[in-house]
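Asker: I'd like to ask some things about the structure below.
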Amino acid sequence: MLHIVACIKQVPDTKIIKMNPKTNTMDRASAPAILNPYDAHAVEEAVRLKKRYGGLVSVLTMGPPPAVKAIKKCIEIGADEGYMISDRAFAGADTLATSYALTKALEKISKIHPIDLIICGKMTIDGDTGQVGPGIARRLDIPPLTSVKKVVEVNEKERYMVIHRKLEDGYEVIKSPLPCLLAVEKEINKVPYSPLPNMMKAARYKPIIWAVADLEDIDRTQLGLKGSPTIVSKVWAPPKPQGGTILDGTNDQQVQQLLDIVLEKKELFQ
Amino acid sequence: MNFEDYRGIWVFIEIKDGKVAPVSLELLGAGRELADKRKSQLAGLLIGDGVEEYVQTLYEYGADTVYVYDDPLFNHYRTESFMRAVFDCCEKHKPEVLLYGATANGKDLASAVATDLPTGLTADTTILDIEEDTGLLLASRPAFGGNIMATILCKKYRPQMATVRPKVMKALTPQEGRSGELVRETVDLKEDDIRTKVLEIVRETTKKSSIDEADIIVAGGKGLGSKAGFELIHQFAQVIGAAVGGSRDVVEAGWIPHQNQVGQTGLTVTPKIYFAIGISGAIQHIVGMQNSGLIIAINKDPDAPIFQTCHYGIVGDAHEVVPLLIKAFEKALDRRVSHV
């Protein structure tokens, strides 16, 4: 049975987040917590593959207790099982420490159901790095396949899959053995509205939650802030631009002034 | 880990379409400054099949040393083979800093290498600096969808690694005949050891939007009102020979394709002239175009943030101003364009 695990994250909606102009800090309370949009595509792809080939879709997240909501959203999309690792010891993790903690959880999940495929979103909209997926793949020593825009085939019996990997000017067709890890682009699928039975299941659903003590062979020095090589030393509002010259006069006069300014670069207009 | 053993600024050199990727040349420019500040060397790390011909170019753009892995194994980019070369080279020669272009492959590679070394990796850096005495890399980047800037440090590990956005650093003017040291390296790796296979590479026949390379971009936003209103942008662009861009709003509304989107989740562009028409100037858009040479904004809302970023602005309705611009430019450039 094909077992696909999607790694997901609950994030603040950065489209809506507001800055406090006095302190130059983010008003996190202003932004609703949502399932990272790229991860919704990861879960949707896992669900589609399950429909195509049969199997089981699990989701895994690391986060504080309210992140359960993101798992429920994945159940709505069609995931079967949800796992969460939640512990103060994970707090402040950068991508290296995050991939370590998630890998330990994946190892534990694989003892319950061996894992054939791991799917992540391309990146999270709060961290914007895209580094956790490849990090997990390296730690599990399975091939990382990033920028995936299409799954062509999964062959469970012969243990391989074929995908399209997006390039700047096209795509490449890659064959990889299973298990492997995919980080998917948004264009891989469309996430439809959730069917009612899934929503009802999600409302009742309680994920399996593990603390650090529940994970085996874990090196606590590699977790959280302590295990993170990168630190944020300074946060500031993007430099406020000076502001330009606003032209005046009638529309015609303004257009004429603009024309003179722009035509100084006449060599550009061939 | 003895930090004294780690010296030099390195740039991973990406080859694309038979030449050195522009971002790699930009990073050599940025790396040169860092190396000079640290009184250390700048090196390029070049991996591929038949790539030695690019070495001279790298010297001319500022590299003192080029480490080359030239082998049919590296014919296509694959994480496993490339990361092995980068990993081995870091272990052997111990750079203080290693920079990669924040391209699909650069980010993929850097993430894998950082995990194995292990070390810290900052993604999508837009500002780089280094502490002269300690060698601590100050890598700054937009975070939370561009709402804030953050400076990221890696104090405990070496090398310090960052991916850097294309088009934010400046390449040096090449010095013809400048030379350096070539160091040939090999990996102990066979084709059978590499698990993934590239079956085929498909180049998209419909040429990708040219806004990447355009000297002039006319970009439109929600202020155009409708897809029909956006036609004005196409007309104006046609008259002045510009490429067409847009904000995320108009891409989501389906007025233009995604590959024309300028901004945080689209492209970063640096044309010589950028017209922002009916674009309010959300920070996500600004980060994608703020390095343009001359920014001109047209918007009817005098308080629109775009006026903070532009060099010249016209407060006015695009539907009135743009037709006047079209006429004025047609006359000035002595050009008639049929408006279909």
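Just so it is clear, glycine is given a Cβ too, placed from its N, Cα and C backbone atoms.
No curator has checked TrEMBL annotations; they are predicted automatically.
Dumping what TrEMBL says about this protein:
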DOMAIN    B:9-198  domain 'Electron transfer flavoprotein alpha/beta-subunit N-terminal'
BINDING   B:247-248, B:261-265, B:278-285, B:N299  FAD binding site
Asker: Cβ-Cβ under 8 Å from B:G281 (FAD binding site), same chain, 6 or more residues apart: which ones?
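Answerer: Those within reach of B:G281 (FAD binding site), by Cβ under 8 Å and sequence separation of 6 or more, are B:A297, B:N299, B:A304, B:P305, B:I306, B:F307, B:Q308, B:T309.
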Asker: Using Cβ atoms only, which residues of the same chain lie under 8 Å from B:I279 (FAD binding site) while being at least 6 residues apart in sequence?
Answerer: B:A219, B:G220, B:G221, B:K222, B:G223, B:S247, B:H285, B:A297, B:N299, B:A304, B:I306
Asker: So what's the average pLDDT for the domain 'Electron transfer flavoprotein alpha/beta-subunit N-terminal' (B:9-198)?
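Answerer: Mean pLDDT for the domain 'Electron transfer flavoprotein alpha/beta-subunit N-terminal' (B:9-198): 96.
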Asker: Near B:Q261 (FAD binding site), which residues of its own chain have a C-beta under 8 A away, given they sit six or more steps off in sequence?
Answerer: B:G245, B:G246, B:S247, B:R248, B:V251, B:L267
Asker: Give the helix, strand or coil assignment DSSP yields for B:Q261 (FAD binding site).
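Answerer: Its secondary structure by DSSP: strand.
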Asker: Let me know the most crowded of the binding-site residues, choosing from B:S247, B:T265 and counting other Cβ atoms within 10 Å.
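Answerer: Most Cβ neighbours within 10 Å: B:S247.
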Asker: Under a criterion of Cβ-Cβ distance under 8 Å and sequence separation of at least 6, what residues of the same chain contact B:I283 (FAD binding site)?
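Answerer: Within the chain, B:I283 (FAD binding site) has Cβ neighbours under 8 Å at B:G145, B:G146, B:N147, B:Q264, B:P305.
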Asker: Relative to the Cβ of B:G263 (FAD binding site), which residues of the same chain, six or more apart in sequence, are found under 8 Å away?
Answerer: B:S247, B:R248, B:A282, B:Q284, B:H285, B:I286, B:V287, B:G288, B:M289
Asker: Just to be sure I understand the packing, how many Cβ atoms besides its own are within 10 Å of the Cβ of B:H285 (FAD binding site)?
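Answerer: Result for B:H285 (FAD binding site): 29 other Cβ atoms within 10 Å.
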